Amino acid sequence: IWLMESYPRHPPLVFVNPTRDMIIKRPHPYVNPNGMVSMPYLQNWVYPSSNLVDLSRNLSHFFSRDPPLYSQRRPNPNPNPNFNPSSANSMVSSNSMSAGIVRPAIPPRAYPQSPYGSGGGRIQLPSPQRPPAATEDPAEAFKRNAINKLVEGLHSDIGALRKTRETEMEGLFNAQAVLRQKEEQLSKGFREMQDEKEGLEQQLQMVLMNADVLEGWLRENEGKMANMGNVDVDAAFEPCDALSKQMLECTASDLAIEDVMYSLDKAVQEGSIPFDQYLRNVRLLSREQFFHRATSSKVRAAQMQAQVTSMAKRASQYVA
């Protein structure tokens, strides 16, 4: 099984390599005469569902049903004929009889008795020894050495390619981690921008409503500017409602009392008034200032409530 550079997106190459004693079956449905395997699993290879484990199972399944290789039969060597001494003696006797000369019979040659006994009176000759095996074919040796060298080179290239790919994958994983951090930062920045946009839109609505209020006030008071000849400064600004008028009076009284208490402090430091009189005046002014400030706080709360109600009404008009 040869793994190409495009593996695993493309199928590997599968070959059947017969030995010297085996040949490829012809014809075979999945193996061509060159030993290349072509089967449905390789033709329908789909990454990542296809893998080498399933490929090995398919090869084992199909080749167990129809093996692609079978061994050649070797010719059996002809055994040497056994030497029979009795036939030799009969041939000698017949030759002597045919010549008309009576010769004494040649006694059989004595052989040392075998310690394992004799079988039927025949002499067992040692079995003929096979000739030594022929020397290896130089072409086969060269082919085997070349294949081994190619396999070693292929293993070395695969190891180097694997290290390169592992380094590239490590770099890609590091880049992926950096990209994830940047994605989180961008998502956080986007959410902050969305929140800021919503806040700015709310402020814009407030500015638009305040602008409408100011434009309305200008339209109402535009005609009054012509009649302002000798107008008292205090009467130039009239409160728009009772709460505003009360707020203005309370604030003015509070600030006036603050100025009086400041003047009393300077007078007592300079010795213009006695100290006990200073204490009585400060106590009375502080009591009055407290009531003015409490009234101002309540008026401010009422104004805020009225402003919220007015803004809600204006917002409903803009939405409509």
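A Cβ is built for glycine as well, from the same backbone N, Cα and C atoms used for every other residue.
Note that this is a predicted model, so its numbers are computed, not measured.
As written in TrEMBL, here are the features:
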DOMAIN    1-73  domain 'UEV'
REGION    66-138  region 'Disordered'
COMPBIAS  83-99  compositional bias 'Low complexity'
COILED    183-210  coiled coil
DOMAIN    241-309  domain 'SB'
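For the domain 'SB' (241-309), the DSSP-based tally of helix, strand and coil residues reads 64 helix, 0 strand, 5 coil. Counting residue by residue with DSSP, the domain 'UEV' (1-73) contains 18 helix, 12 strand, 43 coil. Mean pLDDT for the coiled coil (183-210) in this predicted model: 94.
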